[in-house]
Amino acid sequence: MDVRAQIVMVFNLDKCIGCHTCSISCKNIWTDRKGAEYMWWNNVETKPGVGYPRHWENQERFKGGWVVDGKSLKLKAMGKGPTLLNMFFQPNLPKIEEYYEPFDFDYGNLAGAKAGDDQPTARAFSQISGKPIEEIQGGPNWDDDLSGSQIYAAQDPNLQEKQVIDSYASMFMQYLPRICNHCLNPACAASCPSRAIYKRGEDGIVLVDQEVCKGWRFCTSACPYKKVYFNWDSGKAEKCIFCYPRVEGGQCNACAHSCVGRIRYVGVLLYDADGVEGAALKGDAELVQAHRNLILDPRDPAVRAAAKKNGISERWLDAAEKSPVYTLVKEFGLALPLHPEFRTVPMAYYIPSLSPVLSTWGDTHKLLEHGMIPALETLRVPVGYLASILSGGNREVIEEALKKLIALRVFMRSANLKKESDSAALAEAGLDAAAAKRLYRLFTLASYDERNVIPPQQREEQDPERRKQQGGFGILKKTGRGR
Amino acid sequence: MLNNLIFIALPYAALALVLLVTPYRFLSNRLTWSAYSTQFLERKFLFWGINPWHYGIIPILTAHILGFAFPGLFKPFLGNQQTLLLVESFGLGLGLFALMGCLILLLRRVNSGMLSRVTYGSDWLVLLLLVFQAGTGIYVSYFLRWGTQWYLHSAVPYLWSVVSFNPQLGYVAELPLAVKLHAAGAFLIVAVLPFTKLVHLLYLPVDFLKDPPIPYRWRTK
C-alpha cells in the first residue's frame, strides 16, 4: 500500500446556478494576460450542450485520455514513437476557433470618435490580431442556458433521447462547472515529451513547469477534459494550478471561495497509488466503484501507519479525517467522477443534480401520486444522461445517489414541518437520521471551515529560513515571443 | 578578404555567440525557450510547410553533422559511384522537400490575419536564412556534383581546423562562390540560433521514451 494524499474538489451540481462568478474570479487572478485571453481554467457550461471548447467530450475528434489495450493502458492519441513523428504538426490539437477567438470592444471610440451625425459605437475587435470582428463567432459560454439548443444541445454526445430538446415540456438543463481534475493518472503529463507536466507528490496538484515546457502541444489534446491550454504568446502550455499559492497557505481556491451558491467543497483524500492503474483498467460501469476502492479510510490505523511512513504529516491526516470530500465521495457515495471512462482517474467529483418529476399538462396536479420518492425514470433529467456524464454509463450509482438526495429532502422537509420524521424513505435509500443531519448541515449550513478543510502545506511546516529561501515575488522575467 | 570574413570571422563569431549566449539564455530566462508553435492559430498552410521542412532538413542536417564528426566512417562507402549517386539523389530530394516547406512557411506569414500578431523580426530573419540556406544547398548539390564526397575532403578538415583554433583556409579558399555562401549561411544560422526560437533544436525530447508515464515531483524527497 503506497498511501498518498490528494487535494480534491467536490461540486454540488444541485446548487449551481450558473452565475459564472467562479470563472470570473479565476480569470481575474490567473488568465488576464496576453496569450491567455481565451483560456478559462475554470468554466461553467450548460448541459446539454457542446461545452468549451466545443465538443470537448468527443474523443474521436481530440483523442484525449487513455484506452485499455489488453492488460495495460495506453494513450488514446498515440504512443511515444508517433509522438516524435508528429511533433511538428500535432494532428489532434484543438483550434482557436473551437474555443473562440477572444475579443474586446473598442470603448475608446465612444469618447474619442470625431464629431459626426452618427452615434459612435464600440466595435468588437480580435484580441489576437487586433482587427475588427464583424460577426463574433463564439464565446466562452456560446451555448449558455440552452441558447441555440437545436445546434448545440442536440450535439451533446451524452444525450441519447434527442427529442427531449425539441419541446419545452421535456427540455431540461443544468450547469457543469469545470476545473482541471488533477487526475491520478493524468494523460497530459504522460503525453509530454519534455516532461514538463508533473504531479506534485505531496498534494497531487498537476502543474506545467513553464521553464521546461517547449510547446510541443501534445498535452492540450491528450487531456480529455481540454483543461490544458496553449498560450499563443508564450508558446507554452498552461493549466489550472488549483490555486496552489492560496491552497498552500490553507486558503481555498479562488473559484471555491467566490462561489455564491457554496456548491464547492475542498478537502484531502488518501489513496493507494499502487492501485491507480488497476482501477483505470476496469470496465466502464465499474469505474466509479474502482475510484471509491482507491480512496482509503483515514481512520483506519493501517492506513495511517502507511501514510506516516510515506511522510504524510499528522495535520494532513487530521484534515483527511475531517474532509468533507471523503464524506461525500466515499462515505455516502454521493459525489461522482466526471467522465471516469476517460480513465485519467479524475479527482474532481460531482453530486448529480436533482430534478422535478417530468410533468405535462394534465398530470401536473397528480404529483403526489408519484409518492415521496418518485420513480427515477420520471425525473426530468434522464438518469441515463447523468450516467453518461458521471458514471461511465452505470445507472445504478446515479440512482443510488439520487435516491439518497431525495430521501434527505423528504426527511428534512418533514422535520421542518414538525411532522413525524420519515425515516422509512431514508432507510430505503441507505441512510439514517444521523447521516441525514450531517449531510443536511454540509449542504446548507456548513461554514467556510467545514466546506474547505485544507491543511497547511509542508512549506508552512518547514523552518522559517528554508521557507524564506523559497519565497519570492513571483515571475518577474519577461515571457512571450519576439524577445 | 571574403575568405577571411566567411571562414575566419563568421565561424568564430558564431561559435562565441552560441557558446556564450545559449547558456546565458538558458540560465537567465528559460521562459522564452520554446518552439513557438503557431499551429494553434493557423494550421492549413502549416501542415504543408512544417512537415516537409522538418522531414527534409533533419536527415540532411544529421548527415552534415555525422560527416563532420566521423569522416572516416563514411569515406569507404562513398568511393562507390552507385552509392554516391543514391546518396546524392536522396539528399537532393530531401533538400527540395525542405525548401518547399520553408518557402510555404515564409509565405504563410505574409498577409495572414492572426499570425501577424505572433510574427516578429526574428521570425522573418530565421525563415529568410533557412530559405537561403536550403536554396544554396540545393544549388550546390545539383550543379557542383558529388558534394557528399568533397565535403569530407574540404569542409570537414577545415571545420576541424576551426574547432582546433588553427583555421586552415587552404581547404576551402578555392571553393565556388555558392559553397562559400552556403557556409556563410550556416555560420549565420548558428550565430542567430541562441537569440531566436531556433533554440528549440538544442533540446531533443528523448527522455520521455524511457521515463514512467507520470512524472512526480516531491518537495521533500
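Just so it is clear, glycine is given a Cβ too, placed from its N, Cα and C backbone atoms.
Keep in mind that TrEMBL annotations are predicted by a computer and have not been checked by a curator.
Features of the protein shown, as given by TrEMBL:
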DOMAIN    B:3-219  domain 'NarG-like'
TRANSMEM  B:6-24  transmembrane segment
TRANSMEM  B:45-70  transmembrane segment
TRANSMEM  B:90-110  transmembrane segment
TRANSMEM  B:122-144  transmembrane segment
TRANSMEM  B:181-203  transmembrane segment
For the transmembrane segment (B:122-144), sequence-distant contacts whose Cβ falls under 8 Å of one of its Cβ atoms, 6 or more beyond its ends: 53, 56-57, 60, 88, 91-92, 95-96, 98-99, 102-103, 105-106, 109, 176, 178-179, 181-182, 185-186, 188-189, 192, 195-198
Among B:6-24, B:90-110, B:181-203, stretch most in contact with the transmembrane segment (B:45-70) (C-beta, under 8 angstroms): B:90-110
Other parts of the chain folded back onto the transmembrane segment (B:90-110), taken as Cβ under 8 Å at six or more residues beyond its ends: 42, 45-46, 48-57, 59-60, 63, 119, 123-124, 127-128, 130-131, 134-135, 137-138, 141-142, 148
